[in-house]
Amino acid sequence: MSAVLGIVTIVLVTAGAVLFLAGTLGLLRFPDTLSRLHAISKADNLGLGLIVLGLLPQAASVTGGLKLICVWLLAQLSAATASQLLGRAVYRGRREP
Amino acid sequence: MTLLLDLALVAWLLALAVHVVVQRGERSAIIAFLAFGLLLGLAWVRLAAPDVALTEIAIGGGGTGILLLRAEAVLRGRGKEEEPMTRAGKLAVAVGCAAISAGLGLAVLSFASPAPTLAPAAAEALGATGLGNPVTAVLLAYRALDTLLEKIVVLLALIGVWSLAPDGVWDGAPEVKPAIVPGPLTYLARILPPFGIVIGVYMFWVGADAPGGTFQAGTVLAAMWLLVMMAGLKPPPDTSRPLLVLALTGGPALFLAIAFLGSIFAEGFLAYPEGLAKPLIVAIEAALTLSVAAALAMLVAGPARKAPAR
Amino acid sequence: MTASLSPGALFGLCGAALVGIGLYAIVTHPGLLRRIVGCNILGAGIFLVFGAVARRGGGAGFEADPVPQALVITGIVVAFSASALAVALLKRLSELNVGERNGTAAPTEQRGRL
Amino acid sequence: MADVLTAAALFILAATAVALFRVLRSGVVAERMMAVQLLGTGGAAALLLLGSASGSAAASDVALLLALFAAFSCVAFVIGAAEPEAEPDPPEERP
Amino acid sequence: MTPFAHATTPGGFLLVLAVILPVCAVLAIFACGPRSAARIAMTTLAAGLAIAIAIAVELIASGAALSYVVGAWRPPLGIALRADGLSGAMLVMTALVVVTVGLFARVQYGLHDGAGGGRAQTTFWLMLLALWSALNAVFVGEDLFNLYVALELLTFAAVPLVCLDGRAETVKAALRYLLFALVGSLLYLLGTGLIYGQYGTLDLLTLSRLSRQEPALSAALALMIVGLLAKAALFPLHLWLPPAHAGAPAPASAVLSALVVKAPVFLILRLVLDVAPPQAAAIAGQLLAVLGAASILFCSVMALRQARLKLMIAYSTVAQIGYLFIVFPLAAGSAELPPWGTIAWTGGALQLVSHALAKAAMFLAAGVIAEAFGHDRIADLGGFGRALPLSAAAFGLAGLSLMGIPPSGGFVAKCLLLTAAVIEGYPWLAATILAGGLLAGGYVFRVIDTALAIPAVPVAPRRPVPRRLELAALALAVAAVLLGLVPLRPFGLLQIGRDGLAMAGLP
């Protein structure tokens with residue numbers, strides 16, 4: 001059982017890490033600010049979600065698991081708001097490098 | 001593997017610090033400094049100091065960051081900079097600083113071995129306090145005098161900041177809300193504070209036995225209050241408002257009262273009666289958390305800008 | 001904890017380097033705001049040295065010596081208060097300077113024009 | 001298991017670091033501010049992994065706070081940027 | 001842990017009161033609002049003076065240092081407070097100056113608005129009390145980190161005092177002062193960290209027995225002393241002081257110049273004498289003496305060249321602080337004679353006290369002059385002695401002490417230092433002391449000369465100044481002179497509690 005959970009964890013965590021890498025690549029390669037913004041926030045949040053999902057089986061207690069989910073929720077919420085705020089700021093002072 | 005991780009962290013921290021120093025634009029430098037503060041939290045976790053990590057992220061990353069960014073927004077375009085140093089002067093200073101760093105590095109490496117430590121003493125005395133978190137025990141029992149005086153330091157800084165208001169509006173309210181409040185900000189100011197308050201209360205509550213405590217909780221609450229004020233959902237209070245004054249002085253006053261009672265009912269000033277140590281410490285922490293929250297938020301808000309509403 | 005590259009020593013060295021970087025910023029940078037940032041970097045370096053000391057002193061069931069950690073927490077709060085006071089002074093100074101340049105007395109509300 | 005998690009943390013930190021420096025060198029202010037957001041997610045992920053690897057419960061508390069303050073800092077940025085004189089940046093800031 | 005560990009002595013609780021009582025008053029003023037500020041402050045001043053005198057009486061009566069272990073947590077885990085003879089002298093001196101300055105401020109603020117409650121006034125009372133608490137905490141502190149917090153408390157109380165009037169130049173001076181002080185405290189803190197890493201304790205008494213010739217200790221002490229020098233404004237780190245001290249309102253200038261710069265000097269004294277190993281102490285002593293001598297000469301000349309009275313007095317402060325640093329090589333002591341048995345030690349302590357009294361008197365007199373004439377340009381003050389005879393007298397008497405003319409306290413102090421310089425074989429220090437005295441004579445007589453001049457157009461005060469205001473300055477100046485007539489008392493007091501401490505200064 002725990003071996004299966006271990007494998008699940010490893011797979012999910014690896015997938016999450018790859019998504020982080022994808023976000024970084026997107027940031028480096030995409031042409032304009034808004035699509036870069038999009039790439040990084042989506043990829044990172046999905047990555048964090050996968051990692052949280054992967055770590056859930058390893059959580060020592062229910063509170064520990066709840067905290068993990070809270071971290072993800074918080075990051076989700078803040079990233080959504082922040083990218084909106086940032087998007088506006090980009091539109092207002094649009095200036096391509 | 002962990003060594004590699006530590007090395008990467010150190011390299012990243014140093015790179016960010018250098019970036020902060022050499023960056024031309026003020027805002028970019030401050031943003032990099034913010035990132036530096038958050039990253040430092042990771043370093044503290046690696047140093048087995050979660051209490052410090054929480055404080056550093058909350059105060060170093062959150063508090064100082066917003067303080068500097070707000071200042072930069074006001075100062076931009078007005079800054080009177082002093083004459084920059086000559087290249088030779090800078091080089092000389094750089095050599096001097098490098099020498100200091102090198103000497104310091106040698107001193108760090110030459111520390112006595114085995115390392116002198118108060119950990120056993122702190123562990124032994126922990127039982128008398130009834131606490132589970134040794135850092136809280138140091139802050140509120142063994143070295144409570146430092147903590148008490150440091151609360152006064154924070155209060156003095158606030159009085160100092162307030163004293164910079166123009167004469168007429170001195171006891172009025174500071175201004176925190178920007179001219180334009182973007183919609184998402186209002187949204188965040190409605191959604192985030194409930195989370196923040198829960199996290200703040202949790203930090204305070206676990207502080208007695210696990211990492212956390214009054215500073216961390218106070219800073220979280222302060223940040224949430226600032227968020228609400230910035231979004232314009234609640235106006236900042238007049239600096240002379242009784243409720244604010246009560247929140248600010250309540251913590252230190254309770255601390256002092258219990259300290260003096262200790263010299264009557266316990267072994268001395270700032271000593272706790274046996275068996276009552278933990279409840280008393282938790283009571284002090286509760287009051288201090290509110291004081292810290294009020295003081296830090298008002299420190300960031302700055303001096304009064306509007307005449308008091310009378 | 002082996003000799004030279006224990007986390008304690010490593011972050012201690014990092015702290016030592018940060019002290020130098022912070023001092024350099026304080027001495028050479030022409031802008032006052034950046035000097036305040038420099039003070040914060042200097043402070044961070046000093047706290048890391050404390051952290052290294054704490055990490056070396058683990059024992060009695062604790063991973064690190066709690067005393068220096070508590071000192072760092074106190075230090076961080078004091079450093080923040082200092083930054084807040086310095087920033088307030090800096091803002092007030094620039095406000096007064098602008099007031100002088102415009103030939104008016106100190107403006108009552110600096111964000112009035114927004 | 002612990003090694004795998006630590007390695008993943010290191011990997012994520014490295015990816016975040018690369019992105020961070022790319023963003024910090026950008027000419028657009030909003031992109032620079034994304035640095036903090038980035039560090040919020042990447043740092044939280046790394047902390048959770050490290051906490052799980054070393055079995056320390058406090059690491060997830062730190063991650064919680066990191067996520068919270070990353071959001072909070074973005075707000076501070078918008079406040080600064082909303083002021084008229086905030087844009088455009090002085091030209092010498094561009095790389 | 002050692003047989004010499006701290007233990008609470010009878011009367012030790014007085015030390016806690018000395019530190020905490022002003023803090024309580026700060027909270028009370030904060031809570032009760034600005035209207036009651038002056039009243040609460042006056043009550044606290046009286047109580048604080050009584051506490052300081054009680055500590056001195058207890059010290060003399062018991063002939064031993066007072067100690068208090070806070071919260072019964074023994075060092076090194078906990079914090080102790082301790083007052084020896086020198087601390088006792090400092091506490092009493094601080095109380096005298098603070099109380100006199102408080103009375104002066106009460107009268108002066110009464111002139112402007114009877115009701116009280118203004119921004120500047122409330123801030124002044126809060127900061128004065130906080131400053132007092134911080135000074136007392138520095139003088140009785142035994143724990144290096146506790147001393148750091150006390151130093152920060154001092155900085156945060158002192159900086160807002162500099163810019164009470166809110167003009168751009170004083171805000172600038174305050175900011176510069178804050179940055180110097182901050183870097184100074186951070187360096188001190190760094191040294192504290194190194195010491196903890198090396199010895200695992202921050203308690204001075206324990207450290208004085210543990211300290212050995214080690215690179216980490218030397219580096220730590222060097223960092224701490226440099227940091228403290230920045231706060232003490234020793235040449236060449238003095239640049240922040242003149243604008244800060246000259247720009248503050250008179251009562252604030254008086255406490256800043258007389259008391260605040262003494263706290264770091266006091267700490268340097270403790271570090272060098274109690275903690276530093278002998279060779280390091282000897283080298284540090286020589287360096288400090290060179291800087292002290294440079295301070296005396298350079299800043300006395302600068303004082304001579306100032307056009308404004310308050311700036312002149314501020315430069316004189318830097319010069320007079322220099323005398324405190326030439327004590328180090330002179331009081332090095334020997335195998336038979338501990339440092340605190342030397343005449344230079346007594347001379348240095350006397351200089352510390354007499355300068356505090358004289359400098360506070362001078363700034364208060366300058367405050368009266370500025371109050372009366374609306375400015376402090378020396379050239380335009382011709383004949384002010386006719387209008388303000390008491391203030392002119394106060395200035396002159398205080399000047400006696402700065403110059404070192406008998407029978408003032410400054411005379412005894414400088415005479416002892418001069419004798420020590422000759423005996424110990426430091427002719428250059430003896431020459432510096434003499435030259436410093438001559439230069440001080442130059443700048444003091446410049447003002448006295450102006451006071452007694454008979455100008456074509458006699459200066460008339462803008463508004464009448466109440467006698468009580470002038471009396472405060474005069475009282476302090478007279479005290480500075482009287483100190484020279486009763487030197488025996490301080491001699492004995494200064495030895496109390498030293499022999500129980502550290503033989504670290506000796507091989």
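Glycine too: its Cβ is placed from the backbone N, Cα and C atoms.
Sequence annotations record features per position, and here TrEMBL assigns domain 'NADH:quinone oxidoreductase/Mrp antiporter transmembrane' to E:142-434.
Feature annotation from TrEMBL assigns transmembrane segment to E:12-33 (among others).
A Cβ distance under 8 Å defines the sequence-distant neighbours of the transmembrane segment (E:45-70), meaning residues of its chain 6+ beyond its ends; these are 6-18, 21-22, 78-85, 88-89, 91-92, 94-96, 98-99, 102-103, 132, 142, 492-493, 496-497, 500-501. TrEMBL lists E:45-70 (among others) with the feature transmembrane segment.
Residues annotated as transmembrane segment in TrEMBL: E:90-111 (among others). Counting same-chain residues at least six beyond the ends of the transmembrane segment (E:90-111), those with a Cβ under 8 angstroms from any Cβ of the stretch are 18, 38, 41-42, 45-46, 48-49, 51-53, 55-56, 83, 121, 124-125, 128, 131-132, 135-136, 139-140, 250-251, 254-255, 258-259, 262, 266, 352-353, 356-357, 360, 364, 367, 371, 466, 468-469, 472-473, 475-476, 479.
Taken from TrEMBL, the feature transmembrane segment applies to E:123-141 (among others). Tertiary proximity for the transmembrane segment (E:123-141) is limited to same-chain residues at least six positions away from its ends with a CB under 8 Å from its CB atoms, namely 15, 18-23, 25-26, 29-30, 37-38, 40-41, 44, 48, 81-83, 87, 90-91, 94-95, 98, 101-102, 105, 109, 147, 149-151, 153-154, 156-158, 160-161, 164, 249, 251-252, 255, 259-260, 262-263, 266-267.
Sequence annotations record features per position, and here TrEMBL assigns transmembrane segment to E:147-165 (among others).
What TrEMBL records for E:177-196 (among others) is transmembrane segment.
The feature transmembrane segment is assigned by TrEMBL to E:253-273 (among others).
Away from its own ends, the transmembrane segment (E:311-332) comes close to residues 232-235, 238, 241-246, 253, 257, 261, 265, 269, 272-273, 281-282, 284-286, 288-289, 291-300, 302-304, 339-340, 342, 344-345, 347-348, 351-352, 355, 359, 362-363, 366, 378, 402, 413-414, 417, 420-421, 424, 426, 429, 432-433, 436, 439-440, 443, 447, 505 of its chain (Cβ-Cβ under 8 Å, at least six residues beyond either end). Under the heading transmembrane segment, TrEMBL lists E:311-332 (among others).
Beyond its flanks by at least six residues, the transmembrane segment (E:352-374) meets 89-90, 93-94, 96-97, 100-101, 104, 108, 111, 245, 249-251, 253-255, 257-259, 262, 265-266, 309-310, 313, 316-317, 320-321, 323-324, 380-381, 384, 387-388, 391-392, 394-395, 397-399, 401-402, 408-410, 412-413, 459, 461-465, 469-470, 472-477, 479-480, 483-484, 490 of its own chain at Cβ-Cβ distances under 8 Å. What TrEMBL records for E:352-374 (among others) is transmembrane segment.
Residues annotated as transmembrane segment in TrEMBL: E:386-405 (among others).
As annotated by TrEMBL, transmembrane segment applies to E:425-448 (among others).
Per TrEMBL, the feature transmembrane segment maps to E:469-488 (among others).
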Using a cut-off of under 8 Å between C-beta atoms, tell me which stretch among E:12-33, E:147-165, E:177-196, E:386-405, E:425-448 contacts the transmembrane segment (E:469-488) the most. E:386-405
Would you kindly list the residues that approach the transmembrane segment (E:386-405) from elsewhere in its chain, counting only those six or more residues past its ends and only Cβ-Cβ distances under 8 Å? 316, 320, 354-355, 357-359, 361-362, 364-366, 368-369, 372, 411, 413-415, 433, 437, 440-441, 444-445, 447-448, 451-452, 458-461, 465, 467, 470-471, 473-474, 476-478, 480-481, 483-484
Contact set, same chain, for the transmembrane segment (E:177-196): CB under 8 Å, 6 or more residues outside the stretch: 144-145, 148, 151-152, 155, 158-159, 162, 202, 207, 216-217, 219-224, 226-231, 237, 240-241, 244, 264
Taking 3+ C-beta pairs under 8 angstroms (sequence gap of 6 or more) as contact, is the transmembrane segment (E:147-165) in contact with the transmembrane segment (E:253-273)? yes
